[in-house]
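J.: Straight out of Swiss-Prot:
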type: BINDING; residues: 91, 92, 93, 94, 95, 96, 97, 98; note: ATP binding site
């Protein structure tokens, strides 16, 4: 990797897995399968080798955050205010962010049984399709200008200050925000924020989403591998959409396989690859930790900020 990573320490998988004492995976194979995204691939060994050491590392950051908050309260002669520990997770479409986010949520819940661990995706902060159509932005969906960043930053500010906050809910089945549906958050102990844009800054040059994060992860992989995963996932979505005529993807479900692959490859190249190269990948050095995946979805290298 380039000088972009000069501030990171590279750790091999073999070295990383020694940073946690051998233990059970804290979840069953069935539970792991239930939280794994379409066409993603993760094993119990991955949980033990990669994610249990990661949980240990998050605990290190959490203790440091609590100690700093305590020291600040003493300095300012104020009562200590307990704040949620916020984890940001970013990476390309189809790289496996959702699997990682759900797995971390489950593992944190198991290792902190008395804590409330919540998960929110930034998809809910996309503008509704009708607004995007009116603004001529529907073909830019997923790009920075398609997100209501003011609403997202207000949400994070409320969370960080221990206030009850509400997030819109996005449905991939209808490819749109669900009208009048909100997800509520009441001062969780941990909040995982997952999305392609969590390290980006749009319009407001003085404030980044990452300013609210106590820990952050970027899921990385070669773009040619992500393209393959994206196409495989698209084909799996079409199979499911055949059973539901109301699904947004039902309109593509009857395409011959070759045409469906060609369509997905075109969307990847004209939308997702451009978004990755221009707006997502350039932000990865803002993460505290980079998890790099090989062609088989397995994490082979870890980069930890020095």
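Yeah, the Cβs are placed from backbone N, Cα and C, and that goes for glycine too.
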J.: With an 8 Å cut-off on Cβ-Cβ distance and a minimum sequence separation of at least 6, pull the same-chain contacts of residue 95 (ATP binding site), or say none.
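T.: The list for residue 95 (ATP binding site) reads 219, 220, 221, 226, 229, 293, given in order along the sequence.
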J.: What is the set of residues, excluding 91, 92, 93, 94, 95, 96, 97, 98, whose C-beta falls within 8 angstroms of the centroid of the C-beta atoms at the ATP site?
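T.: Surrounding the site, in chain order, are 196, 219, 226.
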J.: Using DSSP reduced to three states, classify residue 96 (ATP binding site) as helix, strand or coil.
T.: coil
J.: List, in sequence order, the same-chain residues at least six positions removed whose CB sits under 8 Å from that of residue 94 (ATP binding site)?
T.: 39, 226, 229, 230, 233, 272
J.: For a quick check of packing: other C-beta atoms within 10 Å of the C-beta of residue 93 (ATP binding site), how many?
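T.: Summing over all protein chains shown, residue 93 (ATP binding site) has 19 other Cβ atoms within 10 Å.
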J.: Once the chains shown are all counted, how many other Cβ atoms turn up within 10 Å of the Cβ of residue 91 (ATP binding site)?
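T.: Within a 10 Å radius of the Cβ of residue 91 (ATP binding site) lie 29 other Cβ atoms.
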J.: I want to check the contact list for residue 97 (ATP binding site): same chain, sequence separation of six or more, C-beta distance under 8 angstroms. What comes out?
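T.: Residue 97 (ATP binding site) has long-range Cβ partners 89, 90, 91, 194, 195, 196, 219.
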J.: Between the binding-site residues 92, 98, where is the Cβ count within 10 Å the lowest?
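T.: Across 92, 98, these binding-site residues, the one with fewest Cβ atoms within 10 Å is 98.
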J.: So, in DSSP terms, is residue 91 (ATP binding site) helix, strand, or coil?
T.: strand
